[in-house]
Amino acid sequence: MDRIIEKLESGWWIVSHEQKLWLPYGELPHGLAANFDLVGQRALRIGEWQGEPVWLVLQHRRHDMGSVRQVIDQEAGLFQLAGRGVQLAEFYRSHKFCGYCGHPMHPSKTEWAMLCSHCRERYYPQIAPCIIVAIRREDSILLAQHVRHRNGVHTVLAGFVEVGETLEQAVAREVMEESGIKVKNLRYVTSQPWPFPQSLMTAFMAEYDSGEIVIDPKELLEANWYRYDDLPLLPPPGTVARRLIEDTVAMCRAEYD
């Protein structure tokens, strides 16, 4: 699937190594390969954006390596492709040897996979399913500060799906574990690939059912109900958490304004 980059090759360039992204001048490289000293490198076409190819190059650059978070304010489709590139680069880096027999692996020519010629095992990129849920109680929404994000941002609850668990069960369990409340009338909203490191966020809205807030201090600094027109600092636009909060606010405005 990969190829040698030629002088006149053009497009968007995802140059990635160890979950980092090359961001000269703080932006994704876009244009001719020759302008970015990429001629002769191997590249894998991982998608298309606005009619131009998006290329993945597995390479470390001495300067300007940053996090894919730095391009979160790009259009959603381009951010998604950047995340795909970083995740694929890490997949290829971490699967050089077979986990069953220890022999060297090689990339598939037909799909995003690594193959073992010795035992014929096949590996695919790992994707971790997560749930994220906005919980509404009349004119208020449940928002929390997470232990791992000590930046004053308040957001909705989220967590990983466990083995043998449905998405609906994961929502009920995570909400109970983190906040001590029960929810009802769960409704699917959307999903978002989230490359931190390799999650698929599955977003829901729910209504408060019963219980008082009792936080899990290992997960949350605090949690509270916030009226829709008096909200604290929120996650940035482009995140599925912000989408859920804005959708909940819109529902409240329709009923209470």
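Positions of Cβ are set from backbone N, Cα and C atoms, glycine also.
Fair warning: this is a prediction, and the values are worked out from it, not measured in the lab.
In the record from Swiss-Prot, residues E178, E219 bind divalent metal cation 1; the candidate from A158, A203, A241, A250 listed for the same site is A158. Matching 49-70, 93-114, 159-180 against Swiss-Prot, the residues noted as motif 'Nudix box' span 159-180.
The annotation in Swiss-Prot ties R69, E111, Q192, P193, W194, P195, F196, P197, Q198, S199, A241 to substrate, and of the candidates under consideration, Y124, Y226, Y228, the one tied to the same site is Y124. Comparing C-alpha positions, S199 (substrate binding site) sits nearest to A158 among the binding-site residues C98, C101, A158, E174. For the pair C98 (Zn(2+) binding site) and E174 (divalent metal cation 3 binding site), the C-alpha distance works out to 34 angstrom. Contacts of E178 (divalent metal cation 1 binding site) defined by a Cβ separation under 8 A and a same-chain sequence distance of 6+ are given as A144, L157, G159, I215, D216, E219, L220, A223, in order along the sequence.
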